[in-house]
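The following features are taken from TrEMBL:
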- 32-50: transmembrane segment (TRANSMEM)
- 62-81: transmembrane segment (TRANSMEM)
- 87-104: transmembrane segment (TRANSMEM)
- 124-148: transmembrane segment (TRANSMEM)
Amino acid sequence: MKVKEKVIRKKFDKLNSNNIPKPNLLKHCFNAFWVGGLICVIGQFISDIFSKFGVPKDELGTYVSIVMVFLGAALTGIGVYDKLGDFAGAGSVVPITGFANSIVSPAMEFKKEGFVFGVAAKMFTIAGPVLVYGIGSSVIVGILYYFLRW
């Protein structure tokens with residue numbers, strides 16, 4: 001019986017692999033490139049607006065990050081960012097707006113389970129490991145820099 005199941009599974013996998021559409025890699029890379037670039041252009045535009053209003057250069061990055069995270073969260077909340085992610089792939093995930101999406105999306109999904117066990121518990125399921133390893137590696141690099149600086 002097991003041999004027959006393996007033969008059937010092998011035939012099924014072969015038939016299935018012939019019918020799976022091949023992804024257009026060049027198109028996907030191009031979409032990721034221009035959408036990610038457009039997000040960066042929007043960030044630069046916001047930076048230019050803040051600098052015109054006299055925000056000091058050392059504070060510009062903070063202000064722009066806050067606005068971009070807010071825009072990413074708002075676009076996720078109204079359902080636009082998910083469509084953008086389907087279209088652009090990594091082009092929408094890599095900028096800071098993708099970080100906002102990775103926090104807001106699970107929070108919205110698990111809202112029906114309540115604020116404690118739903119929103120609060122599930123909010124960092126995607127972004128949590130990124131934060132843990134990012135902070136952990138920065139601590140390690142900071143310690144190494146402290147002891148090995150010239």
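Along the chain as shown, the residues are counted starting at 1.
From the backbone N, Cα and C atoms, a Cβ is placed for every residue, glycine too.
Remember, predicted model here, so these are calculated numbers, not experimental data.
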Within-chain partners of the transmembrane segment (32-50) [C-beta distance under 8 Å, separation at least 6 from its ends]: 60-61, 63-64, 67-68, 71, 84, 87-92, 94-97
Tertiary contacts of the transmembrane segment (87-104), as residues 6+ beyond its ends and Cβ separation under 8 Å: 28, 31-37, 39-40, 43, 65, 68-73, 75-77, 81, 123-124, 126-127, 130
